[in-house]
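Annotated features, as they stand in Swiss-Prot:
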REGION    1-42  region 'Disordered'
MOTIF     44-48  motif 'DELLA motif'
MOTIF     66-70  motif 'LEXLE motif'
MOTIF     87-91  motif 'VHYNP motif'
DOMAIN    171-545  domain 'GRAS'
REGION    178-236  region 'Leucine repeat I (LRI)'
REGION    255-320  region 'VHIID'
MOTIF     286-290  motif 'VHIID'
REGION    334-366  region 'Leucine repeat II (LRII)'
REGION    377-466  region 'PFYRE'
MOTIF     385-389  motif 'LXXLL motif'
REGION    469-545  region 'SAW'
Amino acid sequence: MKRGYGETWDPPPKPLPASRSGEGPSMADKKKADDDNNNSNMDDELLAVLGYKVRSSEMAEVAQKLEQLEMVLSNDDVGSTVLNDSVHYNPSDLSNWVESMLSELNNPASSDLDTTRSCVDRSEYDLRAIPGLSAFPKEEEVFDEEASSKRIRLGSWCESSDESTRSVVLVDSQETGVRLVHALVACAEAIHQENLNLADALVKRVGTLAGSQAGAMGKVATYFAQALARRIYRDYTAETDVCAAVNPSFEEVLEMHFYESCPYLKFAHFTANQAILEAVTTARRVHVIDLGLNQGMQWPALMQALALRPGGPPSFRLTGIGPPQTENSDSLQQLGWKLAQFAQNMGVEFEFKGLAAESLSDLEPEMFETRPESETLVVNSVFELHRLLARSGSIEKLLNTVKAIKPSIVTVVEQEANHNGIVFLDRFNEALHYYSSLFDSLEDSYSLPSQDRVMSEVYLGRQILNVVAAEGSDRVERHETAAQWRIRMKSAGFDPIHLGSSAFKQASMLLSLYATGDGYRVEENDGCLMIGWQTRPLITTSAWKLA
């Protein structure tokens with residue numbers, strides 16, 4: 001008969017044959033015994049981390065009991081009153097669960113007195129029974145004993161037929177989600193402990209569970225499972241990152257879909273632009289250095305705001321940094337030409353210069369051709385600084401360059417997460433919570449076109465792959481929190497600029513216009529503005545000036 005979750009089980013190993021008189025067991029016999037013990041221990045460990053209270057050596061006995069149970073259930077003489085209201089707890093404890101059902105079915109007379117019987121083992125079947133507590137805060141481990149017990153009801157789900165009564169087991173999606181999360185964390189723990197055999201078995205289990213889990217949880221688990229598999233098999237380098245290898249501009253295309261699908265990038269651009277506008281209120285010439293131009297989506301809105309300024313718009317000079325171009329492409333200049341057309345329509349005097357750089361740490365002050373006597377200088381970075389943390393000294397080199405050109409304001413937008421820790425398991429747990437919130441917010445945007453949603457998920461999935469599977473200089477998605485960036489910026493000689501209540505109110509208004517889900521939140525925290533989903537902040541905008 002079928003086993004739980006479609007798995008099959010081998011009977012316990014047979015005893016070794018007795019050795020001949022005067023002879024000890026052969027080396028082959030010893031090796032076979034060791035292999036059997038190792039396999040048995042491996043199965044026991046896998047069953048434990050997946051929440052089943054049974055050993056592989058007990059599976060033959062459990063299978064025999066299940067066959068007896070099937071024979072009893074197929075008997076039409078079994079009174080329906082025994083089945084209808086029976087409640088059995090803890091099916092993860094296979095042996096006791098089957099034993100309790102057989103015991104009740106073999107004593108149907110007692111059901112007249114109490115139609116609800118239970119076999120309860122509360123110590124092992126809640127979330128604490130499965131390894132991976134680090135995925136859940138300890139203060140949330142409060143359970144109502146009656147409400148939290150998992151039940152399988154027989155009778156109401158069993159339909160009699162002329163042939164036999166068949167039991168249908170319905171798997172609760174919430175319980176599957178819990179098992180999925182715990183299997184993910186258990187796999188990460190196995191990798192952390194360098195138990196790659198167990199990790200390999202668990203990542204396959206995650207793939208099976210993820211395939212049966214609908215919604216955001218199933219999607220994010222699939223990306224994490226792929227990343228864990230790449231780490232287990234050591235199959236990740238910058239060269240094997242398929243999306244980047246196909247075309248460096250592919251990520252820019254993905255980012256455009258992410259921009260359209262949710263308010264995070266809109267919030268980033270809007271709040272940074274608000275800080276810039278307040279810093280250049282009286283300036284007649286504005287020079288913005290964008291450390292990551294991408295598709296230039298941030299700047300039309302700023303030019304439009306400058307065009308509406310009383311007394312006429314200032315001149316606007318934009319220096320955009322981008323990756324090195326291919327031989328037959330000059331996308332930076334093409335983008336500059338499009339922005340120039342837009343500026344002309346707005347009546348804004350515009351000048352553009354594109355700079356190609358392998359790394360932002362390669363930039364030197366003289367490359368920017370600043371005009372301090374006549375221009376107000378602005379430096380802008382959206383999701384760029386964290387990439388420099390992959391190489392020692394790179395972020396310090398860039399910040400020293402920025403400091404040397406003496407900007408009036410530096411605007412910084414970064415992910416509000418700590419994915420730069422040296423301990424893999426901590427980084428994994430943080431990433432699992434962070435990206436689960438992002439995927440959940442995408443799933444809640446019910447009016448989102450399917451193409452935008454899918455491409456946005458790919459955009460985030462690439463980040464998950466890098467955070468989990470990569471190491472060394474290949475791991476560039478090294479996000480840090482606002483508190484961590486505050487320490488870095490202050491040590492480099494910058495002081496924070498408080499983003500005031502006006503920016504907060506306008507950001508909240510923007511959110512009401514563009515956000516399709518009702519779980520988005522804007523908050524002000526220590527002079528920074530944050531956007532998040534439900535109670536979790538996800539993106540932070542901050543502004544800085546020379547100390």
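Just so you know, glycine gets a Cβ as well, placed from its N, Cα and C.
Helix, strand and coil counts under DSSP for the region 'SAW' (469-545) come to 28 helix, 26 strand, 23 coil. For the region 'VHIID' (255-320), residue counts in helix, strand and coil come to 32 helix, 12 strand, 22 coil, using DSSP. Per-residue pLDDT, averaged over the region 'Leucine repeat II (LRII)' (334-366), rounds to 96. Helix first, then strand, then coil: DSSP counts for the region 'Leucine repeat II (LRII)' (334-366) stand at 18 helix, 7 strand, 8 coil. Summarised by DSSP class, the composition of the region 'PFYRE' (377-466) is 55 helix, 13 strand, 22 coil.
Under DSSP, the residues of the region 'Leucine repeat I (LRI)' (178-236) split into helix, strand and coil as follows: 49 helix, 0 strand, 10 coil.
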